[in-house]
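A.B. asks: Supplied in structure tokens, the structure appears directly below.
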Amino acid sequence: MVKWDRLAESKSVVLFATTSVIQAVVLICLQLRIFTRNVYGWLNLNSELGGAADACLYSGTFDSFMILTFESVMFIFLYLFQLYVCISAVLHKNTIQVFMIALTNFCYVVLGVVQLIETKETHNKILNDCPMIAFDPEFMIREVPNIIMITLLAFIMGYLSFKLYKQFGWIIYKKIGDDIQMQSRYRTRLIFLMLLKLNLLMILLFSILIVPYSINGSEKTLVYVDFIFFMSVSLFNALAYKSITNEYKNGMNSFLTFWVIAMAVYGWFFYIGFSLTFAYKLYIGSIFGIFFLLLGVSTFVIGISVTKNFGKGLKEYLTIHKSGIKKIEEYEYKYDNNHNSNSNNNNI
């Protein structure tokens, strides 16, 4: 069975994969409308600011527009990552990723509402401090359709994710058998691998969000530290993945030691996120700050659990069952194709 054939192995999978692509295209297009509006407002504000507009300049309105603009870019990257996770979940029949997809889709609804509130706050700031600037946010044709589509697609993807979760749920049984403890160890491993991906994603999104700090010349140290930190996390994530696959305790201990430093950096990001909220009323900063703390602690705790499971038979179970599982999947795929072909012939 060719790996990519899994995208068409059942009606539920086809619907899930197709809806994932439609979701990414629709939400990116809607976000691009918000992005172009923010870019226009940012450039318009920049061109009209002069010596007589000090109150407008120092109110933080210009910085708010910059951050809102790059926030839209951040959302576009987030939707692309969501598409990757959806396809990856199908190709690897990963129940943990399927569950995460359902959860994050409803989180997008919250983020869409937050984006609307932030734009309203920035608009009010312009009316109060920059009355000479003409800016119509057009909420009803930009943010509102975005929120409606996010909500609708969240329910659709939630339903399809539930169907896939049930369909893929027995994969763990095929790989591990009926050993409850071994199943738990395997799930813990999948959760940890998912957390590694989320950490890289969050740092990347945060990097996009703080680009304005580099543009306006302030806090460039933050930009440099963020880049170095992203590269460091990437390297140690690779070490953790290799260590889990081969059950190298020394490798995982090195990762966990590094992660203590990572949690300290996340604490700094938490402070920066809340600073954005207090300075510019951009609440996405607080959401990032809270999520960084939760993600950092969760990765450390689950990492310890994964390390404790080394030497308890999971590696051997996966190695022994790997070839057998492949044969079973190939047989199932051929059986389904033959069954569908016979059904079509009978109908004719």
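Along the chain as shown, the residues are counted starting at 1.
Glycine is treated like the rest: Cβ placed from N, Cα and C.
Summarising the annotation, TrEMBL assigns transmembrane segment to 12-35, 67-91, 98-117, 147-165, 190-215, 221-241, 253-276, 282-306.
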A.B. asks: Go through the chain and flag residues at least 6 beyond the ends of the transmembrane segment (147-165) whose CB is under 8 A from any CB in it; none is fine as an answer.
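C.D. replies: Long-range Cβ neighbours of the transmembrane segment (147-165): 12-13, 15-16, 19-20, 22-23, 26-27, 30, 89-90, 95, 98-99, 101-102, 105-106, 108-109, 112-113, 116.
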A.B. asks: Answer yes if the transmembrane segment (282-306) and the transmembrane segment (12-35) have at least three CB pairs under 8 Å among residue pairs 6 or more apart in sequence, and no otherwise.
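C.D. replies: Stretch pair does not touch.
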A.B. asks: Using Cβ atoms and a strict cutoff of less than 8 Å, what residues sit near the transmembrane segment (12-35) while being 6 or more residues removed from its termini?
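C.D. replies: 6, 69, 72-73, 75-76, 79-80, 82-83, 86-87, 90, 108, 115, 119, 141-143, 145-146, 149-150, 153, 156-157, 160-161, 163-164, 167.
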A.B. asks: Sort out the residues at least 6 away from either end of the transmembrane segment (190-215), same chain, that have Cβ-Cβ distances under 8 Å to it, and list them.
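C.D. replies: Apart from its flanks, the transmembrane segment (190-215) reaches 63, 66-67, 70-71, 73-74, 77-78, 81, 85, 94-97, 100, 222-223, 226-227, 229-230, 233-234, 237, 240-241, 244, 262, 269, 272, 284-285, 288, 291-292, 295-296, 298-299, 302-303, 305-306.
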A.B. asks: Between 67-91, 98-117, 221-241, who has the most Cβ pairs under 8 Å to the transmembrane segment (253-276)?
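C.D. replies: Stretch with the highest Cβ contact count: 221-241.
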